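Per TrEMBL, these features apply:
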- D127: active site, proton acceptor (ACT_SITE)
- G10: diphosphate binding site (BINDING)
- E103: Mg(2+) binding site (BINDING)
- T125, I126, D127, R162, M169, G170, R171, E221, R265, H271, V272, Q273, R274: substrate binding site (BINDING)
- 2-297: domain 'Phosphofructokinase' (DOMAIN)
- K124: site 'Important for catalytic activity' (SITE)
Amino acid sequence: MRVGVLTGGGDCPGLNAVIRAVVRKGIKDYGFEFVGFRDGWRGPLEGVTMELDRAAVRGILPRGGTILGSSRTNLMKIEGGVERVKDNMAGLGIDALVAIGGEDTLGVAARLTEQGVNVVGVPKTIDNDLNATDYTFGFDTAVNIATEAIDRLHTTAESHHRALVVEVMGRHAGWIALHSGMAAGANAILIPERPFDIDEVVGWVESRFTTEYAPIIVVAEGAHPKDGQMELATGEKDSFGHVRLGGIGQRLAEEIEKRTGKESRSVVLGHVQRGGTPSAFDRVLATRLGVQAIDAVRDRDWGKMVALQGTDIVRVELSAATEKLKTVPPERYAEAEVFFG
Ligand code: F6P
């Protein structure tokens, strides 16, 4: 069998580990050949490929990013896109696709399956917001990066008696904020799932100052206050219609300074959370998902996504994975709230 592999959406530590596992197991156990598609769905759409043999995947396990490149090309918005993909796959003699991506990439994969394309999906996102899988690879790495940053910010905040607001990624789900904030002992954690009350946040900040500690507030980029007045969208949208966010950390720091009279600073961790080498946990998870994905291809089990449930890798319908976002449940937030203020 000839198998195409692509990585779509925002990049994520562990993508290369999946590619390596898919290729290594596919060649060794099943004698498959592989073709790398460049830059997400742009690859099969435009027929842009790269060689993907054993040599191509040598040494990539600890490397961040993706050797295939990525993009947010939305195939479904392109006139005749599906037919072009089918034609290009046929022309290249490709029988099946392994699509590694998040909600958008896998949403396209689910639609392609309905149209008769042989696809198996692998979930990825640092945001950990994909349904039907307990964790996505990349999340652990992002949380570790954010935790280390918050640890460092604690000492400088205390030296200067300042409030520090740390903005982390998470457009619709606050998983990175929740985990890094809990791990690093944040004074408050603000997530998109729970609109915050600015008076309450200011109260937590003030109470922290009274104990001679400096407050650290971890805020997810998609968090917003109850009255909706401090949210800052750039006005731009990507090809999947997502609004580009930015600025809640800065706005919050200004508001805290204004209301408390204490100096406040904001730090946006941004793409640092997505770059660099994956953690050991993510390398193992990504490798296991890759191994299981190529088994699904061997079984011709199309339209499935491999997923982590408990400690097992299982197969779920691609549609189940993308039908809703996995957000932070109230009981998980309540565990973090114990330590606010
Ligand atoms: O991968 C998801 C994500 O990390 C979101 O948390 C964030 O909003 C988005 O990517 C930003 O991605 P980009 O800057 O690549 O558009």
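Keep in mind that glycine also has a Cβ here, set from the backbone N, Cα and C atoms.
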Within the predicted model, mean pLDDT of the domain 'Phosphofructokinase' (2-297): 94
Cβ-Cβ neighbours of E103 (Mg(2+) binding site) (radius 10 Å): 23
R265 (substrate binding site): secondary structure state under DSSP, collapsed to three categories: strand
Greatest C-beta neighbour count within 10 angstroms, which of the binding-site residues G10, T125, R274: T125
Distance-selected recorded positions near ligand 1 (C-beta under 6 Å), from E103, K124, D127, R265: D127
Rounded Cα separation (Å) that holds between E103 (Mg(2+) binding site) and the residue listed as 'diphosphate binding site': 11
M169 (substrate binding site) CB neighbourhood, other CB atoms within 10 A: 26
Nearest-integer angstrom distance between the alpha carbons (Cα) of R171 (substrate binding site) and K124 (site 'Important for catalytic activity'): 15
For T125 (substrate binding site): DSSP state (helix, strand, coil): coil
Structural state of M169 (substrate binding site), classified by DSSP into three states: coil
Entry from the recorded positions list K124, R171, R265, V272 having the most other CB atoms no farther than 10 A: K124
Site extent for substrate, whole Å (max Cα pair distance, T125, I126, D127, R162, M169, G170, R171, E221, R265, H271, V272, Q273, R274): 33
Proximal but sequence-remote residues of the same chain as the residue listed as 'active site, proton acceptor' (Cβ under 8 Å, at least 6 apart): G102, T136, F139, M169, G170, R171, H172, A173, W175, I176
